[in-house]
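A short worksheet on the structure shown next.
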Amino acid sequence: MLCIVFEILYVHLKNAHRNWSDFWMSVSLNRSYNLPLNLAGRAFVLSFFFFFFTDVFDEIKCIHLSLFLEEERRMSHMGFRCLEISRWVICGLIGILTGLIACFIDIMVEKLAGCKYQVIKETCDEPIAAGSGIPQIKCYLNGVKIPRVVRLKTLLVKVLGVICSVAGGLAVGKEGPMIHSGAVVAAGVSQGRSTSLKRDFKMFEYFRRDTEKRDFVSAGAAAGVSAAFGAPVGGVLFSLEEGASFWNQMLTWRIFFASMISTFTLNFFLSIYHGKPGDLSNPGLINFGRFESDSVAYYYYELPLFMGMGAIGKVYLGVALHMKMSKFNVSVCVRYVHRPCLQVMEALLVAAVTATVSFTMIYFSNDCQPLGPEHNEEYPLQLFCADGEYNSMATAFFNTPERSVRSLFHNQPGSYNPLTLGLFTLTYFFLACWTYGLAVSAGVFIPSLLIGAAWGRLCGILLIWADPGKYALIGAAAQLGGIVRMTLSLTVIMVEATGNVTYGLPIMLVLMTAKIVGDYFQEGLYDIHIKLQSVPFLHWEAPATSHWLTAREVMSSPVTCFNRIEKVGTIVDVLSNTSTNHNGFPVVVQVLDSDEPAKLCGLILRSQLIVLLKHKVFVELARSRLSQRKLQLKDFRDAYPRFPPIQSIHVSQDERECMMDLTEFMNATPYTVPQDTSLPRVFKLFRALGLRHLVVVDDENRVIGLVTRKDLARYHLGKHGLEELQLAQT
């Protein structure tokens, strides 16, 4: 049935959009250089709202309007309907494939964990895909192109790496990498081809542009959260809160559809694996278990205790230390442990230390619990305990992290000794800090939940009258919220994962308190990692004390400009200049019979110029070859996203003397701002419209500078006021 649907879609799309390609053109209402100042301001407001609510990037669609309009005129009503159907089909495929990947990871971790348990019981009982990938996906959705972040090879390494890391006993989780995996699936499926495999399936060609690709990656990230936690609504809110920079109603529906399909697919195949076909009550990769109705009660006098756990108890102290250790670990790895052999040796060292510390803690632990009929541990280990007993410390260390969290939530009071919980919390905390900076697939969600659940249960035990499981849940939410600084999405994820809305208010209070207290002292873990990698990430708002800065002070100048009809040799020399790596070039025109300086008339991208040089779109050739094929949108799409380097394009000496007319291919209506525009205003324009280049002009519409993402992202509000950061130059 699915194949028939694809065939129908393909036929309609092929007939309706025969010459589609990647259109990178921005349609702007603001021609400030042709309007009086008051009218220009009104045009700017109209263009702002138009682009904000239609979710259109400026620089990503920068091919001349005539090509797009010509294509749109040939498009029938059925063609537009097929495009919308294709978007829903892609979101469904994203959900299905993400669910299958989650199912594969879960089954393999279960199998390997069972093998590890049997080995321990029988013998002891007498690369680029490193990290969780969430900071990288967050940067990608923010508009930053991270190399190889959504490649097929990255997905394969991520899946195999997280299986081995979790099953091997490292202090990591598989939920974070699932978000990255879903994003990679979305980026691949939505393009209808694989550049890694060099296979083009001639499907979904219209979506081969950055704006569409980012929307689908948002859906993939949400599907990953949905598969990981069994929380479709939480996945949508995660993508909104932490991922997507641009949002609209239709995108929300499609992302929710992908999340729903992902959860359904995971549940369906897990039901078959567990021998209960059709039983769709399985949650995501992590099952917090349901809190019984008689144990979920809480009272008004406990709310200050919950908030205290978020503000004073281990959240600030633990999270601050976690941030500093992770920051130190990552910075050391980036500077010194950058060779693959050293990264492998470091991972082996951490694995050896983790195993040694775990067995040492178990050996000196005397927390032996009776193995009675009410016992619900799947992997009980007797290590150094009498017959009929199991070692609680061994259960905490050698269970999968998800099972350990569930055990801390639901085990009967008295199942854990306070000393065991205290030692486990400290030990696992330092191991998690060390492990998170390794070059292995590792998530921070579950280790944070496990650490928080451990000290939360300890608080519940010390209170004597309290239910330890209830405080374990609050501690887990506080720890994770203090590290990742999520509020809305994490509240819904926790409520959906526990299957009980009763704790909604306490979880909200704890997460808000943890975020407020944490933000006062330090940024979240993901933001710290983004800063360590010197990525030009744009936050939601400009620094509060930056109103005194203007576009003149933050812009890059002087600017390399091209004439509307430019010499090919000049273009080749500019693109080949290794000292500069500009991606956008203003196009200027000289008024005939006038001595006035050239004025701005458009903007063209490096990628467009490379395609034009590759196809030798020169004025002389166009005149001499009347039968020459006209450059189409498909030519730009075929080159996306890996445009060839300028060094691979051969231009003869005679061709260097030819001229190239940029009029048909440039963005004739680029966004411009006066040189006295304040930084917050420039920042809002960049952030709301997803710009990559903003031309700064004077009163006569002459180019005096160019504002890029790096020019804005380097300003940061630190402890000593407005600070200027050093960003990566690549």
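Placed from the backbone N, Cα and C atoms, the Cβ positions cover glycine too.
Annotations in TrEMBL come from automatic prediction, not curation.
Sequence annotations record features per position, and here TrEMBL assigns transmembrane segment to 35-53 (among others).
What TrEMBL lists as transmembrane segment is 85-109 (among others).
Look at TrEMBL and you will find 155-173 (among others) tagged as transmembrane segment.
Per TrEMBL, the feature transmembrane segment maps to 216-239 (among others).
Annotation source TrEMBL lists transmembrane segment at 251-273 (among others). Within the same chain, residues 55, 87-88, 91-92, 94-96, 98-100, 102-103, 106-107, 182, 186, 215, 218-220, 222-227, 230-233, 235-236, 239-240, 244, 279-285 sit at least 6 positions outside the transmembrane segment (251-273) and bring their C-beta atoms closer than 8 Å to a C-beta of that stretch.
Residues annotated as transmembrane segment in TrEMBL: 303-323 (among others).
Sequence-remote contacts of a segment are chain residues at least 6 beyond its ends whose Cβ falls under 8 Å from one of its Cβ atoms, and for the transmembrane segment (344-364) they are 124, 168-171, 333, 337, 383-384, 391, 393-394, 397-398, 423-424, 427, 431, 434-435, 438-440. According to TrEMBL, the transmembrane segment annotation covers 344-364 (among others).
Feature annotation from TrEMBL assigns transmembrane segment to 419-439 (among others).
Summarising the annotation, TrEMBL assigns transmembrane segment to 445-465 (among others).
What TrEMBL lists as transmembrane segment is 472-495 (among others).
Under the heading transmembrane segment, TrEMBL lists 501-521 (among others).
DSSP states for the domain 'CBS' (666-724), grouped as helix (H, G, I), strand (E, B) and coil, give 16 helix, 24 strand, 19 coil. What TrEMBL lists as domain 'CBS' is 666-724.
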The transmembrane segment (501-521): which same-chain residues, six or more beyond its ends, come within Cβ distance under 8 Å?
291, 296-298, 302-303, 306-307, 309-311, 315-316, 319-320, 470, 473-474, 477-478, 481-482, 485-487, 490-491, 494-495
Looking only at the domain 'CBS' (666-724), what is the mean pLDDT?
82
Under 8 angstroms, Cβ to Cβ: which one of 85-109, 216-239, 445-465, 472-495 has the largest number of such pairs with the transmembrane segment (155-173)?
85-109
Considering the transmembrane segment (85-109), which listed stretch of 216-239, 445-465, 472-495 counts the most C-beta pairs under 8 Å:
216-239
Tertiary contacts of the transmembrane segment (472-495) (same chain, 6+ residues out, Cβ under 8 Å):
225, 229, 231, 233-234, 237-238, 240-242, 288, 291, 306, 309-310, 313-316, 318-319, 322-323, 405, 408-409, 444-445, 448-457, 459-460, 501, 503-504, 506-508, 510-515, 517-519, 523-527
